[in-house]
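Asker: These came from TrEMBL, pasted as-is:
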type	residues	note
DOMAIN	11-411	domain 'Enolpyruvate transferase'
BINDING	25, 83, 111, 160, 333, 377, 402	phosphoenolpyruvate binding site
BINDING	25, 26, 30, 158, 159, 160, 186, 302, 329	3-phosphoshikimate binding site
ACT_SITE	302	active site, proton acceptor
Ligand SMILES: O=C(O)C1=C[C@@H](OP(=O)(O)O)[C@@H](O)[C@H](O)C1
Ligand SMILES: C=C(OP(=O)(O)O)C(=O)O
């Protein structure tokens, strides 16, 4: 495990900075898979430096370059902590010639994948579990002969299963018709997948709960990756916790494919305005009484920790809904939030499928030490607390590499003091 960091912010809590964010992890993951499926017809611009996308790019390269003889040997593909890559590769590798062992971190082996595996098996894919039923690692032997085009799939556990299937659909001889059962969680991510497929000429039909994609060729295209709005959310948090803030994030636009661009709307409630000009977004802090009491995170689960910590730090009692999927992400994020918020006297209480923040005991000690549970978003959501607490120790500095490797450098640029603990 890498070193812990000590964060502090000396002097006036005024932030005035320009931060160039890396490309969206979600857009990159899709662009890389689509590009690989298109066999080079589709190119990618502005690739992210996020470790998850670097790992996915490396895995795809190793698969393409691996010898194709069928002597029974198997290529191990280890995607570490990258959940989206795990789900997308499960579908992608089913179509490739060869045998693969798809694995990841110990946490990855606890993140469910049975729904996607069953859907793929139902159309003929050859996948089996290497350890525990329903979880990675997986043995995948491809390619397969497609037995049918119709698939029923549960929509309320992870949208990544659906995106994974939609991306391989045009390359399947019969295409795919996905019937989504139950409510669809993280819907903007499915819309992002379809929009990026459209940019490469792939058409779809979406009628009620059925999404269909016929067999089609990818058209020559360049997929341009926008900076990461989930990463931008930490700058909204910094603006909210500072006394004064003016922050420019170049490259972000108001018509994003990323559902997490909803942070602009959420943070307007906290007096953080977002103005799109000069090729980016300008964040400004205006005085405002926070009134909104309910936040539904179903469409933007990756913003949950950011917004919960902002409310806690501002002593704003609010109710959160749509957090059902948080327990199966990099860590059990609900439990992690409950444990870490207790360190500033805030309770996060589960009641009838929603969570209520009780900030009545809020206090800022001289120092807190934040555990990060191998979750980049725990580190980044709690780091802005250094604007309220003299010393914030964050466990495992490299945990942020997953989506935002230059996070600490960017904080230093904005005026935070960063030392090793
Ligand atoms: O498709 C994607 O790129 C993602 C979908 C979301 O997952 P779920 O659909 O599991 O909520 C999100 O949390 C994840 O970080 C990225
Ligand atoms: C949930 C996340 O990632 P993944 O599922 O790709 O591991 C995330 O980045 O917050």
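Going from the start of the chain as shown, residues are counted 1 onward.
Yeah, the Cβs are placed from backbone N, Cα and C, and that goes for glycine too.
Just so you know, TrEMBL annotations never went through curation; they're auto-generated.
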Asker: Residues with Cβ closer than 8 Å to the Cβ of residue 186 (3-phosphoshikimate binding site), same chain and 6+ apart in sequence?
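Answerer: Residue 186 (3-phosphoshikimate binding site) has long-range Cβ partners 158, 159, 160, 259, 298, 299, 301, 325.
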Asker: Among all the protein chains here, how many other CB atoms are within 10 A of the CB of residue 333 (phosphoenolpyruvate binding site)?
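Answerer: Cβ-Cβ neighbours of residue 333 (phosphoenolpyruvate binding site) within 10 Å number 24.
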Asker: So of 25, 402, which of the binding-site residues has the fewest other Cβ atoms within 10 Å around its own Cβ?
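Answerer: Looking at the binding-site residues 25, 402, the Cβ with the fewest others within 10 Å is that of 402.
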Asker: Round to the nearest Å and give the CA-to-CA distance linking residue 377 (phosphoenolpyruvate binding site) with residue 302 (active site, proton acceptor).
Answerer: 8
Asker: Cβ atoms within 10 Å, counted per site: which of 30, 111, 159, 329, 377 has the most, among these binding-site residues?
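Answerer: Top count of Cβ atoms within 10 Å goes to 377.
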Asker: Ten-angstrom check, please: count other Cβ atoms within 10 Å of the Cβ of residue 160 (phosphoenolpyruvate binding site), all chains counted.
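Answerer: Result for residue 160 (phosphoenolpyruvate binding site): 25 other Cβ atoms within 10 Å.
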Asker: Would you mind checking how many other C-beta atoms are within 10 angstroms of the C-beta on residue 302 (active site, proton acceptor)?
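Answerer: Cβ-Cβ neighbours of residue 302 (active site, proton acceptor) within 10 Å number 26.
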Asker: Anything from the binding-site residues 30, 83, 111, 377 with its Cβ under 6 A from ligand 2? List those in sequence order.
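Answerer: Listed by sequence, the hits are 83, 377.
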Asker: For a quick check of understanding: given the listed 3-phosphoshikimate-binding residues 25, 26, 30, 158, 159, 160, 186, 302, 329, what is the maximum Cα-Cα distance in angstrom, as an integer?
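Answerer: Across 25, 26, 30, 158, 159, 160, 186, 302, 329, the two farthest Cα atoms sit 19 Å apart.
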Asker: With DSSP assignments reduced to helix, strand and coil, which class does residue 186 (3-phosphoshikimate binding site) get?
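Answerer: For residue 186 (3-phosphoshikimate binding site) - judged by DSSP and reduced to three states - the answer is coil.
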Asker: Name the residues of the same chain, 6+ apart in sequence, whose Cβ is under 8 Å from the Cβ of residue 83 (phosphoenolpyruvate binding site)?
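Answerer: Those within reach of residue 83 (phosphoenolpyruvate binding site), by Cβ under 8 Å and sequence separation of 6 or more, are 108, 111, 160, 329, 330.
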Asker: Check the DSSP secondary structure of residue 333 (phosphoenolpyruvate binding site), expressed as helix, strand or coil.
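Answerer: Residue 333 (phosphoenolpyruvate binding site) sits in a helix per DSSP.
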